Amino acid sequence: MQFLFTFIFLLIPLVYSLPAASPKSGTDFDFNQEIETFVEQAFNQDDPSQAAAAAASFEEFLVNVFNYDQADGQVDGQVLKVFEKRDANTEQTIEGILKAVNNSGVIWTLLDSVADDPSRIEYIGNLTSSFLKNYNITLNIADLLSESSSLTENLNITGLLSAVENSGLITSLLDGILLDENFRPRLVDLIDRLVLSQKNVLLYIFAGVLSKRDLMADGELVNVLLKRATSNDDSYSGSLGSFLNNAASTVLSSSLVSNAVADVLNALNDTGFLVYATKRFLSSDSYINMTVALVNDIVSSSSVTIDTSGLNITELISGTLGNPKEIAALVGSLLSGDSSQTSQLSNYLGRYSGALSQILQDLEKKGLFAELNSYIFGDSTTKASATATATATATSSANGKNVANNNNKDAATSGSATSNSSTSTNTKSASNGAGAVIYTGSNTQTTFLKALTILFGGALLFL
């Protein structure tokens, strides 16, 4: 469940991060017309050679994967057995499809047509919310994280993780994101924005969990992070969720899915498609803003109920942090280059230790830790009232950031993506001691803040 847990901690700050670029306004969005226009432009039906090539490719796909009989135009009835006995041709077919889709630019053309127009984003958000609202979907976070849930009991997590590891996809993704020095400024900028959007969460950790004070109850914190819906009037409430849960357990535990996952993962790794797509997506503020807007619309519409009643925030944080002093010491040693103190950490991080050290140093140059230190612990000239609460400090100082829209999306694949902000030291206006409920006049917590940056804003680095 490490992947799910990491995804939750990444999604929450992403949703609550302020948009960094303003998409241009457009006209009313006619979904059907847009799809027709898009298909006509992307696939030129007047070109016989292109049509013939597309037909041949599709027929080859049917023959190799579905055992398609061209004579009678039927698919063999033993489709599932064919899937389970697939050979290397299937993986090659998937690779060919990925390359064809990527080279056509279909994905990015479609994303651009939506991301650059607020009315289209709103339309898709409303359409999705209306569809989901009819099914009364409830996500129980505690149940998903529990090893005893019906989904995790039937799901072969070990097999899926093994398939991911054997494909080499995670290594390729980490190499492409962390070791690309041209992409690193963009990564630093994203981490900076995500962490600043979660200043109140950090305040809760320091002033509530680590200080053993009840600054904010777990339920109150969750209400700040996620908007919960309370509509349970339907007597059949949860029936669809139970069905989908059981169906997903059955499907995901089958050898059919395991084989398919392995082929797809290998194809994604061999083609480099995922690394390219991830870097290109992260290089565009308009894509990020679109994602934030869509998730906000869905969550705010209460079409999906997120149940966190069984989630013990304090226990999760305490278990994640372990020994705070030890973490702070390791991060401090990593920054100072003291190899005698960080040999074990360096061995664990391997070739990424240098990249992580540089990321932390760049974040320090941007003034991230100084701002967090001032916001949470106060400075030597300011002492905050002990009655301040995390909810009273909801306004993030990230409002002062101006990040230009990155139009060069293709730079990601060539390793030439550029940062939207300089890594030179920036002067940021922080509410000195605004959240310093417990600590005042201390700069000794800076290394600990850097550690928390990795745990929360930088969780992507450890996927």
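Every residue, even glycine, has its Cβ placed from backbone N, Cα and C.
Here Swiss-Prot flags 1-17 as signal peptide, drawing on sequence analysis. Residues annotated as N-linked glycosylation site in Swiss-Prot, with sequence analysis given as evidence: N102, N126, N136, N156, N269, N289, N312, N420. Taken from Swiss-Prot, the feature region 'Disordered' applies to 397-430. The GPI-anchor amidated glycine feature in Swiss-Prot is assigned to G441; the stated evidence is sequence analysis.
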Practice task
Tally every other Cβ atom lying within 10 Å of the Cβ atom of N269 (N-linked glycosylation site).
Solution key: 21
Completion exercise
Across N102, N126, N136, N289, listed as glycosylation sites, the smallest other-CB tally within 10 A is for N126
Completion exercise
Here the glycosylation sites are N102, N126, N269, N289, and the Cα closest to that of N136 (N-linked glycosylation site) is found at N126
Practice task
May I ask for the distance between N269 (N-linked glycosylation site) and N102 (N-linked glycosylation site), taken between their Cα atoms and rounded to an integer number of Å?
Solution key: 14
Problem - Helix, strand or coil at N136 (N-linked glycosylation site) [DSSP, three-state] - result: coil
Completion exercise
Expressed in Å to no decimal places, the gap between the Cα atoms of N289 (N-linked glycosylation site) and N126 (N-linked glycosylation site) is 16
